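> I have a structure here, written as structure tokens, and I will follow up with some questions on it.
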Ligand SMILES: [Fe+2]
């Protein structure tokens, strides 16, 4: 049985940038549905799922039984991506990274502002539903990617350490069609302390 993370803040805690109702529906309805669907899919496949983390499953999609493979990619990705998304948001975020992550950002993107712009552009330009991700490869090298639907960077051997959900359900109640405003504002609640932790100590 897989589950959603415990939300580390109240539904209204991210206001005015992300509103209470959006967090409530996003977390309790959308994410919960992915959780329920994933667990239902895995019924009867206990031997396959036993002892595996969701990250492990998504990083080796070929090993997923064929009859449930696409379903697990969709629903499992939905659980994993949302758990990441909700976990890196905070009402009291660390505003900038330090240490090795900052060094790597500076080396790859020039500076933090350039990286944020890069991620924002990927999020705004994503056609349809998906995410913008900051990922690291096995050598710690960073890149920005956009991903369609609920696919996981893990399936391409990339470890996600930050994501912006740009499915309409993530912003429509408050921002309507103005995705760019949502993307601009979400930086106020992205906790670089969490991202640093994932960069330094991520294990799938
Ligand atoms: Fe979402």
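Yeah, the Cβs are placed from backbone N, Cα and C, and that goes for glycine too.
The shown structure was predicted, so the numbers you read here are calculated from the model rather than taken from an experiment.
Here TrEMBL flags 26, 82, 165, 169 as Mn(2+) binding site. Residues or ranges marked as domain 'Manganese/iron superoxide dismutase N-terminal' by TrEMBL: 5-90. Feature annotation from TrEMBL assigns domain 'Manganese/iron superoxide dismutase C-terminal' to 97-196.
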> Can you list, in sequence order, the residues of the same chain other than 26, 82, 165, 169 whose CB lies within 8 Å of the CB centroid of the Mn(2+) site?
27, 30, 31, 85, 167, 170
> What number of additional C-beta atoms lies within 10 angstroms of the C-beta atom of residue 169 (Mn(2+) binding site)?
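Summing over all protein chains shown, residue 169 (Mn(2+) binding site) has 14 other Cβ atoms within 10 Å.
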> Hey, does DSSP put residue 82 (Mn(2+) binding site) in a helix, a strand, or just coil?
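Looking at the DSSP assignment, residue 82 (Mn(2+) binding site) belongs to a helix.
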> Highest CB neighbour count within 10 A among the binding-site residues 26, 82?
82
> Can you check which residues sit near residue 165 (Mn(2+) binding site), meaning Cβ under 8 Å from its Cβ, same chain, 6 or more apart in sequence, and list them in order?
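Counting only residues 6 or more apart in sequence, the Cβ neighbours of residue 165 (Mn(2+) binding site) under 8 Å are 26, 81, 82, 85, 131.
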> Tell me whether residue 26 (Mn(2+) binding site) sits in a helix, a strand or coil according to DSSP.
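Going by the DSSP assignment, residue 26 (Mn(2+) binding site) falls within a helical segment, counted as helix.
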> Determine, from DSSP, whether residue 165 (Mn(2+) binding site) sits in helix, strand or coil.
strand
> Check the domain 'Manganese/iron superoxide dismutase N-terminal' (5-90) for me and report the mean pLDDT.
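Looking only at the domain 'Manganese/iron superoxide dismutase N-terminal' (5-90), pLDDT averages out to 97.
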